Every structure is written in C-alpha cells, then in structure tokens.
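In what follows, a structure is listed as structure tokens, so that the remarks can point back to it.
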Amino acid sequence: MSEPLYAPRTPIFPRQISGAFRTAKWWILAVSLGIYLLTPWLRWDRGPNLPDQAVLIDIAGRRFFLFGIQIWPHEFYFVAGLLIMAGLGLFLFTSAAGRVWCGYACPQTVWTDLFLLVERRIEGDRNAQIRLHRQAWTAEKVWKRLLKWSVWAAISLLTGGAWVFYFADAPTLLNGLVTLTAHPVAWITIFVLTATTFVFAGFMREQICIYACPWPRIQAALMDEETITVAYRDWRGEPRGKRSETGRGDCIDCMACVNVCPMGIDIREGQQMACITCGLCIDACDDTMDRIGRPRGLIGYLALSDEHLERAGDTPKPAWRRLFRLRTSLYAVLWAGVGVTLIAALLLRPAVDLAVTPVRNPLFVTLSDGSIRNAYELRLRNMSGEDRRFRLAVDGSAGLRPSIEGSAGLDVPVAANATGLVRLYLTAPQGSDPATGALTDLRIRLDDAGGPEGGPVAAVKAAFHGARS
C-alpha cells in the first residue's frame, strides 16, 4: 500500500539533551550566526571612491567586493566557479558522512535549533511543552505563546535585516531604516525574509526538510555502503526490554532517541529519508547506556559495510578508510581543481578589459562623400587602483580611419576602478576594399598611453561591413 505524498504535520517537541554532538551543534550555530550577523560590519580600506565594506554585493554598481578582491560583471565565471565548488563540497560531505550538512550547518537547522532554544526557555522542556500544547487557552498559555512568538519575530527580523546589509553599506542602510528613509526594496526584502524565517523555523521545521528541500532525494545517488550515517546496532539492542528481564538486548525501549529527534523519527526502524544525521539520538542513547552500565555505541555513526562486519563479529575498517576512498577522493580532486583554477584565474587576470559591441542599427552609414562608416560601442574597464589613459588603435585596418565621438584624438582617460564608455567610428574611403566588402580580420587594440612602455594592454577582434557585405 502506497504512502500519501503529504501528511498533516504533527507537532514535535524534542527533549533537551547534552553530549558531544549537541555541543558541536551549539558551537557551529554560534560561529555561523556570528559570521552571518557580523560580516557586513567589517571594514576594508580600498582607497578613495570605493566602498569600505569588506563584503558587499553592489547590485547598482554591478560589482562584488570580497575583502581585497573585486568581481566585475564580465567575471561572473568566478561566481559560477564558487557555486560549482559549493555543489562539489556538498557531494563530498554527503558521500563521506551522509546528511552531515543538514544536521549541523544548514540554515534551516541552525535557525530551528535557535527557535527551539527560545521555546524551551519560555515553555519548558518536552513534557511541559506537551502539557501547554494540550491545555486550553488559559492566561498562562497566552502570555507564554505571545512572548515566544515575539522573541521569534525579533530573531526573524534580525535575520532579514542582516541579509540586506550585504547589498548596501551597512551603517548607511541602518540609518535609513531607523529614520524610515530606506529604499522600498530594503523594506520588502526584510519583510519577506522575516516572514519566511518566522514560519519556516517556527512552524514548518521538519516539513521544510521532508517536503520542500530536494536534498534528501538527491543524497540517495551520492551515498553507498561506505557512507557513514547514524545507525542502530539492532544485533546488540534486540530484543528490547527491561534490564531485569533475561534474554534481552541492550535497548531498554526508553524512547530517549525518539524524544530528542528534531525530525520525530525512530532511528531503530532503520535509515530513513527524514534523518538529518544530527547525532542527537547518539547523545541520548549514550546517556542511557551510561546510566544502566552498558557500553556506549548502541546508536552511532556507522557505514553499512561496517554494519555487516560487526554483525559477523569482525573488526570494522578504520574511519579514515571510509572517508578517503575512490568516490570521495574524486570529489575532493574535482573540488580542489576548480579552486586552483579560480585562484589562478584571479591571480592572472588582466587589470584592463576591453569589450566591443558593433552598432547594428544601422549596420553601416554612407556619408555624403561616399565613404562607409561603421560604429562600435566600446567598454573600457580599468580594474586597477590608478587612473589610466589609453589610446585606441586598429590593426589590419587597410586604410580605415578611426575616430572617437566627441573627441579630436584617440586617447581615452579612465578613472581607477571605473568603466569608460566610448563610441568608435571606423570610416572607409569610397571605392576602397573595406567599403565594398566585409573586412573580418580587424582588431581593435587598446594601448597604454600614459605608461613608460606604452604597449598594448587589450585587443578584441571585430568586423567592418561595407556596402556589399
């Protein structure tokens, strides 16, 4: 019998637990939230006429600033490369340790953990929350819920507010928000992120992971028998029962592993799509084993191949052999390869870029003296920290006369970290070869007119269209 595609949500009230994995999750939460909230306020001196915010996505200026690095619009391949690295990183972690990203560092997990912390501080732990949930709307329930929702809303507002600071100068935007003079886009973005954070982390929680996120389904293609996941050693724990009963396994069916699970699953039923590999059930089970005097590890991180070995009474392989195998090594090599390529491209990129766009409406113009003229839009990017002066030249011109609109010469000054826009005209005399046909081996060259060497710094191929081309 097939299961329904969607099941109505049953509220989950995870019990507070302490242990190594819970501590690791708290540290990751604190560090990741600290980085997210504080990064927009870091300053970085880039000189005059440039923003001093260390990390800034300047949509209006069409540039991305990352400390001492500037990414220009034509360098979007750097962003694509970073996205590829992020994807390969997820493949690597999933192949090695299952959904460890989901359980420890995913924003949905981080904010849900923070909301759960607030919920416990106000309403109490699991049993108190269940009692409050079931009781009628008394004065106690009303004020506790209102207080909890208010704190959630404040966290959500802080989340949305921090995000918009990445897209504008943080102190300036904060002043605009306080004085109610900020751009409407900022207010809309904050509202949307506040609302989604409040709903996703406060009310939907595990449903986002199960129904909205595609990663649980993708991970199936990335995991194999060598992938380390959370597993229940049923050959040791079964049959379940009280410790006073003879012939029973180590599992006393205390339900601690179920009660601490933020996804509400029972790991003893085997690996499930909803499991986010957070390890909280391991902390809960280890605590129970300590109390009843049994060895830890009834629930633990375990590869399927190790499970087969342990069932047979053999010694499992060392963890490093699980992590460093052909699949994970391939992902690691690809990840490192993309990273090295990006670093090399960043270090070797030129300080000047020239982009040429032929004006095609009209394709050419016949002047009063019978000569043919083509027009080109030139975009000169000076990506250095100094003002530069360039001189335009044309190779393979075969008698073409270059000129710049609004200028008597061919020199073009471009300020530091700026883009210069010019219109270049190439004119072919009447009866010349370019005027009567197409000249395709043309090169528009940019020379350094202000430096001591004065050599070419950029060149782009172009075509000249005559009357019969």
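Backbone N, Cα and C atoms are what each Cβ position is placed from, and that goes for glycine too.
If you look up Swiss-Prot, you'll see C251, C254, C257, C285 marked as [4Fe-4S] cluster 1 binding site. Sequence-distant contacts of C285 ([4Fe-4S] cluster 1 binding site), defined by Cβ-Cβ distance under 8 angstroms and a gap of at least six in the same chain, are A256, C257, R296, L298, I299.
In sequence order, I12, P14, I267, L280, C281 make up the list of same-chain residues 6 or more apart from C261 ([4Fe-4S] cluster 2 binding site) whose Cβ falls under 8 Å from its Cβ. Annotation note: C261 ([4Fe-4S] cluster 2 binding site) sits in a coil segment as assigned by DSSP. Look at Swiss-Prot and you will find C261, C275, C278, C281 tagged as [4Fe-4S] cluster 2 binding site.
The predicted model assigns the domain '4Fe-4S ferredoxin-type 1' (242-270) a mean pLDDT of 89. According to Swiss-Prot, the feature domain '4Fe-4S ferredoxin-type 1' maps to 242-270.
Swiss-Prot lists 266-295 with the feature domain '4Fe-4S ferredoxin-type 2'.
Residues or ranges marked as topological domain 'Cytoplasmic' in Swiss-Prot (evidence: sequence analysis): 1-23 (among others).
Annotation source Swiss-Prot lists topological domain 'Periplasmic' at 45-75 (among others), citing sequence analysis. Sequence-distant contacts of the topological domain 'Periplasmic' (45-75) (same chain, six or more residues past either end, CB-CB distance under 8 Å): 39, 166-170, 346, 349, 353, 355, 381, 383, 385, 415-418.
Annotation comment: Swiss-Prot describes 97-149 (among others) as topological domain 'Cytoplasmic'.
Residues or ranges marked as topological domain 'Periplasmic' by Swiss-Prot: 171-183 (among others).
What Swiss-Prot records for 205-327 (among others) is topological domain 'Cytoplasmic', and it gives sequence analysis as the kind of evidence.
Swiss-Prot lists 349-469 (among others) with the feature topological domain 'Periplasmic', giving sequence analysis as the kind of evidence. Across the topological domain 'Periplasmic' (349-469), the DSSP tally of helix, strand and coil residues reads 4 helix, 67 strand, 50 coil.
Non-local neighbours of the transmembrane segment (24-44) in the same chain are 52-56, 65, 67-68, 103-105, 110, 113-114, 158, 162, 165-166, 170-171, 278-280; each lies 6+ residues outside the stretch with a CB under 8 Å from one of its CB atoms. Taken from Swiss-Prot, the feature transmembrane segment applies to 24-44 (among others), supported by sequence analysis.
The transmembrane segment annotation in Swiss-Prot covers 76-96 (among others).
According to Swiss-Prot, the transmembrane segment annotation covers 150-170 (among others).
Taken from Swiss-Prot, the feature transmembrane segment applies to 184-204 (among others).
The transmembrane segment feature in Swiss-Prot is assigned to 328-348 (among others). When Cβ-Cβ distances below 8 Å are used as the criterion, the transmembrane segment (328-348) is approached by residues 69, 77-78, 81-82, 84-85, 88-89, 91-92, 95-96 of the same chain, each at least six residues removed from its ends.
Rounded to a whole value, the Cα-Cα separation of C278 ([4Fe-4S] cluster 2 binding site) and C254 ([4Fe-4S] cluster 1 binding site) is 20 Å. Around C275 ([4Fe-4S] cluster 2 binding site), the same-chain residues six or more apart in sequence whose CB sits under 8 Å from its CB are G98, R99, T229, V230, M263, I265, I267, listed in sequence order. Counting other Cβ atoms within 10 Å of each Cβ, the binding-site residues C251, C254, C257, C278, C281 show the lowest value at C254. Remote same-chain partners of the topological domain 'Periplasmic' (171-183), defined as residues 6 or more beyond its termini with a Cβ less than 8 Å from a stretch Cβ, comprise 41, 161, 164-165, 190. For the transmembrane segment (150-170), same-chain residues at least 6 beyond its ends with a Cβ under 8 Å from one of its own Cβ atoms are 36-37, 39-41, 51, 53, 55-59, 111, 114-115, 118, 122, 177, 186, 189-195, 197-198, 201-202. Break the domain '4Fe-4S ferredoxin-type 1' (242-270) down by DSSP state and the numbers are 7 helix, 0 strand, 22 coil. The secondary structure of C275 ([4Fe-4S] cluster 2 binding site), as reduced to three states from DSSP, is coil rather than helix or strand. Each residue in G103, V230, C257, V260, P262, M263, I265, I267, I276, T277, G279, L280 lies on the same chain as C261, C275, C278, C281 and has a C-beta within 8 Å of the C-beta centroid of that [4Fe-4S] cluster 2 site, without being one of the site residues.
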